[in-house]
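TrEMBL has this to say about the protein:
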type     : residues : note
DOMAIN   : 39-485   : domain 'Major facilitator superfamily (MFS) profile'
TRANSMEM : 110-128  : transmembrane segment
TRANSMEM : 140-158  : transmembrane segment
TRANSMEM : 164-186  : transmembrane segment
TRANSMEM : 198-221  : transmembrane segment
TRANSMEM : 227-248  : transmembrane segment
TRANSMEM : 316-338  : transmembrane segment
TRANSMEM : 344-366  : transmembrane segment
TRANSMEM : 373-395  : transmembrane segment
TRANSMEM : 401-423  : transmembrane segment
TRANSMEM : 463-480  : transmembrane segment
Amino acid sequence: MSTTEALLASSGSGAGDRLSIDDALAQHAGQFGRWQLRHFLMVTAAWTLEAMHTMVMIFADREPAMSCPAGNGQCGDRCAGPSAGWAWDQGSASSTVAEWGLVCGESYKVGLVHALYFTSCMIGAGVFGHLSDSFLGRKGSLLVVCSLNAIFGLLTAISPNYWVYVALRILTGFSAGSICLCSFVLATEPVGPSYRGVVGMSTCYFFSGGIAILAGIAAMFQSSWRLLYVVTSMPSLAFMLTIMPFVSESPRWYLVRRRTKDAMRILRDIASTNRKSIPDGITLKLDDEDDIEKKIEESSSSILDVFRSGTTRSRLVLSVLISFLCSVVYYGLSLNVVNLKINIYISVAVNSLAEMPAFLLTTVLLQHLGRKPLAIGSMLLSGVFCTSASLITGVGSMRAVRMACGVVGIFGMAATYNLLVVYTAELFPTTVRTAAMGCTLQASKMGAILAPMVVLLGERMPFAVFGMLGIMGGLLVFFLPETMNKPLYDTMFGLEKGEGDLVIRGEITSGNSEI
């Protein structure tokens, strides 16, 4: 029997009620019960791993304090290091900068490895975004990236020289940059529409928590950057071996890959764990059920299909631009804390913990205000306060006022950064969701590459740039549609048809009101 015949046969009148996954969750399996909570916690724990693999560079590549131990206190050129009598207070093994002399004329190499890391993150997001939507699946992609992270992280610890270190950081970035992408989609797709926004907003707690944990670990291993890489890479190995075997693949991915029985098996497991049941006559359908030929064609959707559709093309362009602007401000404000000249371990921990109230506030407001108004408000809040900070001189007590404006700026942008993950996932159908999110993640990494360059502009100018970009981003969000309480579409055709139906219904309602 051909694929078309099989689909036609399965859609016959004797097959019983045919429901979308959203309807099956809402009516029978449960939108967010014990199964989804357990699955969410296991999968989203991977965000902690990405935080460690990414932010470890702050501590491993730091410039430790130097002193002149000579009896008369007279040492030569500080840039000459130990050869001129200078000594690293915590030893040459305390950081890559100390071990390989990355100071003065060689200091650019620190920024270079960071830029190359985020560049490889950008490339990896596109690659694994496509693989996650295609044959590898969400779970398979997450398993692969966690495995690569563990391997490359451990190998980084035995780098014999700077250039091998760079190569291994590039390889780590290629895989680590996709962790949050694969994890987010896998964690939220089994969740019903009423809880999806709140659950999605809760993912970033794990990333911020991972940074705080990393700061504590780094404080304990200040004397060896190599040991720090070993300790921060082992959790990826543990996650792969102890948690991933108990993680389920997304039922939505099964459905769009024509593995309906597997999708139904997952839903029945969800229902059973949630102490509910799905009637025997229930079967699953895609949101383009009425167009069989189109449905068969959609099974091989790719990022190119996003550009072919006017509906999704404009969404992708706007999402990419907004994510880029948000990332420049978010990473820029985070890196700008280094200029405060305070304890790096404390400052990183405090910054990561300070983001959590932004996540909580956004989660509370999300279901009441919607995605679009909240994104506009949080970006404009950050933009206005960053602009205000650029107008304040850093003299006396005014320095504290400018710092406070910066804190509000990062508060607003952290909320936006978290919200955009949820918003973007809801803007695109299942067949291209991870690929589209991969594109926005690539734009985010481009912003991360640019952020350190903005920080180098001085004390006040970075705030002016961040303020301008925040306001621009807020204005661009005006052109995106609201997604609150809308279905999570499965296919491109289903999205276009559903959005078209909404437009028609809106026009009819408007016309009736005029009558």
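Note that Cβ sites are derived from N, Cα and C of the backbone, with glycine treated the same way.
Only pairs six or more apart in sequence are counted, and the transmembrane segment (227-248) with the transmembrane segment (463-480) gives fewer than three Cβ pairs under 8 Å, not enough to call it a contact. Tertiary neighbourhood of the transmembrane segment (110-128): same-chain residues 54, 57, 61, 63, 96-97, 102, 141, 144-145, 165-166, 169-178, 181-182, 434-435, 438-439, 441-442, 445-446, 448-449, 452, selected by CB-CB distance under 8 Å and a gap of 6+ residues from either end. Ranking 198-221, 344-366, 463-480 by CB pairs under 8 A with the transmembrane segment (401-423) puts 344-366 at the top. Same-chain residues lying 6 or more positions outside the transmembrane segment (164-186) and placing a CB less than 8 Å from one of its CB atoms are 43-44, 46-47, 49-50, 53-54, 57, 96, 112-113, 116-125, 127-129, 132, 138-139, 141-142, 144-146, 148-149, 152-153, 155-156, 200, 203, 207, 247, 249-250, 421, 425, 433-434, 437-438, 441, 445. Same-chain neighbours of the transmembrane segment (344-366): 55, 58-59, 62, 197-198, 201-202, 204-205, 208-209, 211-212, 214-216, 218-219, 334, 337-338, 374, 378, 407, 410-412, 414-415, 418-419, 422, 484, counting only residues six or more beyond its ends whose CB sits under 8 Å from a CB of the stretch.
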